[in-house]
Amino acid sequence: MENQRGAFKKNERGRGRGGRGSKQSFKASNYRYFGFGPSGVLNGLVVQPSNRRQGYTSHIDRGRYSREAENIAESFPAAQASQSDAANKDRDLIEAAANGNVASFSAVLKQCVNCTSQNGLDLALLEATKRGYKSIVQQLIRAGARTCGLDEQGYTPLMIASEKGYLDIATALLKKSANVSAVSFNGQTSLHVALQPCGASDMLSLLLYHGADVNVGCGEGSTPLMRALELQDLDAIKILIDAGAKLDRYKNKRGETAWDVAKRLDLHQVLSFMNDEVHMSKKNYNKQSALMRAAASCNLEAFKLLLDCSYTEVNKTNKEGSTLMQIVKTLCRQTGNNRDSPGTSKRFEMIKLLLQNGAKADDCSTKEGNALILAVKSGQNELVQLLCMSQIKLNYLVNDKTALMIAAEKGHVDIVNTLLNAGADYKLKNSKQEDALLIAFKYGQVNCAKLLLQKRANLNVVKAAIVSIDNNRVSSLQYLLTHHELDVNTKCLLHRAIQQNNAAVVKLLIDKGADVNQLNDSMDSPLQLACNKDVSCVELLIKNGADVNLGHPLSGPPIIRAVPNVAKVLLQHGADVNKASASGETALMQACGCFGNTYDMVKLLLDAGADVNLMSDKGDTCLHYAVSTENIGNIKLLLEYGADVNAVTNSGDTPFLLAAEVGNVEILQLFLDKGAKVDVYDSQGCNALLRAIKMCDVSTEVVRLLAFDKEHLNKQSNRGYTPLMLAAEMVNYELMKTLLELGADVHVVNKEEPRKNDITALSILLDSSQIFKDSDIKCIEELLKYGAMSSLPKRCLSVFHKMIVLDKRRLVQLFVTHGMSPCNVDLQPISFRMGAFFEMQMLRYSMNAASPLSAALASGNSHIARYLAGNWFLTASDLTVFSQCSKLRDFLESISMQDCVDFLEEFTSQPLSLMKLSFVAASAAIGSPPGRQERIMQLPIPSVIKDKLLFKNEEVPMDYGTDASHNRLGFLDVGINMVDHVPDSPSGVFFDFDDPRQLMYDSDSDLCFSSVMYDDSDDTFMYI
């Protein structure tokens, strides 16, 4: 117990639960604290019952209140001993607070602050709150007055402020943690009492923000929403629904839910619209406001009520636009009798109300434009008039058109008049420099154009005529020609009309005096432009004096461009069928050179006397043109009319050569049947077979047809290439196979190519292949079957070593068994790219030449080494391996080639036999290709020995069982950054083993690296 301000606090919250009308027992346990005056008599009592959602339904009996308070006071002797002047101080403070004089109150508070009781402060706070004295309330709160006191009705200061609508005082109390959920004796909360007929939107929002329960019921069970509905306060209803008020969960004493109350008051539709807006927004649907829903349902009364709600946003939009836009769209969709329906008048009324309430008619949140644009498009003049009365932008451009332009385009004369009277700018132009008047002529809306002209709109007669012609607007052109001065020959109007293929416009211009033989800027006559149009325009021009042979200086007379029905008319009126263009092309050539079905046109021209053998400036005849399009029907027709099958162009092409190039067997056979010469060559020295193969996708059927004899098969072009060489360049196995079967010579050598010496079909494949794909190997094998090895140029011998290094076992075996000889490659002048690392290591160990065996060992391909040694495929240098065995072993061990080391041990374990030594010496004496096979065959030795020298019969087969990557060397397409000097390497060659990604080499070195092999066993690289 505190002296003077003592408080008796209850440990457990609680209070009596008396029913409606019952009295609550007054005990010490029901109150937070008690205040006593100095005389020991309770001067005033402020009670704080425990909080409950439904509140009290009883009241305080003031007599019993005082008696029980006196009894309690008697139990506190110290309180009874208090001085009477303290009670006077409380009364003075309360009276000063009620008086409202801030200065006087401040003085009293200063005097009484140390002697007044807590009860006095709290009662003073209640009095100041009732009278709305904000400053006094703030001073009392600072002085220690508590916000939980109750008046005689059980109202806290916050309830009083809420009921009175004192927003600032309520804010101050809530800052001091006033209990927003406190309940009065009749069960009302601050939220209930805040609902007043005068409205309390801000107070409701404040209380809800501080946690007021929106669904709490009062003594009668009514929720705040029910109270708001009874008051028909739409602002309050909106706030409460947004805060989560339930429509049909809680009932009052009458058994009514909020929804039932709304139905009774005919507010259920408004309530439904508001509730749907909240819940649909939470579900992220197409957010429709309550106002939009009322408009969509055409509920005018609900619409008006919602507009009265201060929280209604008239310009709120969703993907369909604003409310105004949605109503306008609905009106615009109505047609015919629907426009006179009751809903239409209601929607017009809604639009008026929206505009009166500040709706923005210029909203352009949708792609259709603003409301005015939509109204104009629909042709509803009444709606346009209504919108024009608002502050809408009349000249707003949507899709490059204003409302006036759209009205002129649609021909809505009444709307054009409405917009002009409202101040629409008829001079405004779009990005195409078109104004409303020009658009009216463009779309043939003459009446709209007349109205605009009455408003003194500027008219460019020529431009208006051009757009009228370009858009086939006869009425517009007729008006311009009749009512305005227009030169029909200016800007080649007749040419424009013909391009639009409109005979009515053409006739109109001709009747007004248009020149039918006028040339435009491109030097085309009207007739020339009409030749691929409708025949009616052509007949109209000819009838009015058009020259049928007046043509373009370059493209020639009209008949060259004419379609069949037009050409027939031209020929009937004297057109020269053989008149050519500047390049010498006639109408027949053009017809033969066109893809598609031109047979009728060709027949028409031939029957009219077209010369079938006339030549263009390039020497092409009609037959050449027909072959280029592969039109067999036209070709046969031309041949029937005497076309020369052997006509030669300036470049030496005959129809037969062109047919070979296009690869058409039917045409080739037709020409052969007609006696076409086959021994003809073009300016590059190519015969028909070479021309056919150059096209890459030639069929074997064409090749067999054109391979007349060995001379044709092996004919070399001016560059020295034969058909077989071209097939090798294309790596075309089927073509090579066909040519070889027909007798193509694999030994023909090309000595004309300046870049390389002695080119054969086999050397082309070897030179072009870098990694020897399966397709390359297949073609190489086919050539070797026909003895291509015997004519292999010497410069290609090193490629065999490359095959060994790359572990191409199949190729190695093919070369060995088809006439390749064991030979060394000189490493000192590094002229081949067998492998830079291999070459350097060989030089490092004083091996200036690489034999096939040493190449196999150095690259780790022990299986190839065993194959070569087992078949005596050795060179003289391989016989010295005994003397260099230790060096070679060191080399192989340095690159971790244990398989090769094991083979070397086996190979050197015993000397070679005299027979092997003699065989190696004899093989070396015979020499290498080309000519090796011929030299062996001329030797007077048994056939068995000849076959042995040619390595035809293998004693040891090639081992294909082990994976090619057995030595753990892989190929990576990277270059080398040579930064670390390798001892004993050729001058200027450096390697960076840490970064094998870049390529550089010293100017003194001829080394070049295209790939690198990495050995993951010891981080070493082999450069290829």
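Positions of Cβ are set from backbone N, Cα and C atoms, glycine also.
A quick note: this is a predicted structure, and the numbers were derived from the prediction, not measured.
Pulled from TrEMBL, these are the features on record:
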- 1-25: region 'Disordered' (REGION)
- 153-185: repeat 'ANK' (REPEAT)
- 186-216: repeat 'ANK' (REPEAT)
- 220-252: repeat 'ANK' (REPEAT)
- 399-431: repeat 'ANK' (REPEAT)
- 489-521: repeat 'ANK' (REPEAT)
- 583-617: repeat 'ANK' (REPEAT)
- 618-650: repeat 'ANK' (REPEAT)
- 651-683: repeat 'ANK' (REPEAT)
- 719-751: repeat 'ANK' (REPEAT)
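Across the residues of the repeat 'ANK' (583-617), the predicted structure has a mean pLDDT of 93. Outside the repeat 'ANK' (719-751) by six or more residues, the chain places 684-685, 689-690, 693-694, 696, 698, 700, 703-704, 707, 710, 713, 757-762, 764-765, 768, 775-776, 778-779, 782-783, 785-788, 790-791, 793 with a CB less than 8 A from a CB of the stretch. For the repeat 'ANK' (651-683), the list of distant contacts is 618-619, 621, 623-624, 627-628, 630, 632, 635-636, 639, 645, 689, 691-692, 694-695, 697-699, 701-702, 705-706, 708, 712: same-chain residues at least six beyond its ends, Cβ to Cβ under 8 Å. Long-range neighbours of the repeat 'ANK' (583-617) within the same chain, counting only residues 6 or more positions beyond its ends whose Cβ lies under 8 Å from a Cβ of the stretch, are 554, 556-557, 559-564, 567-568, 571, 577, 623, 625-626, 628-629, 631, 633-634, 637-638, 641-644, 647, 649. Each residue in the repeat 'ANK' (186-216) gets a DSSP state, and the totals come to 14 helix, 0 strand, 17 coil. When DSSP labels each residue, the repeat 'ANK' (583-617) comes out as 16 helix, 0 strand, 19 coil, counted as helix, strand and coil in that order.
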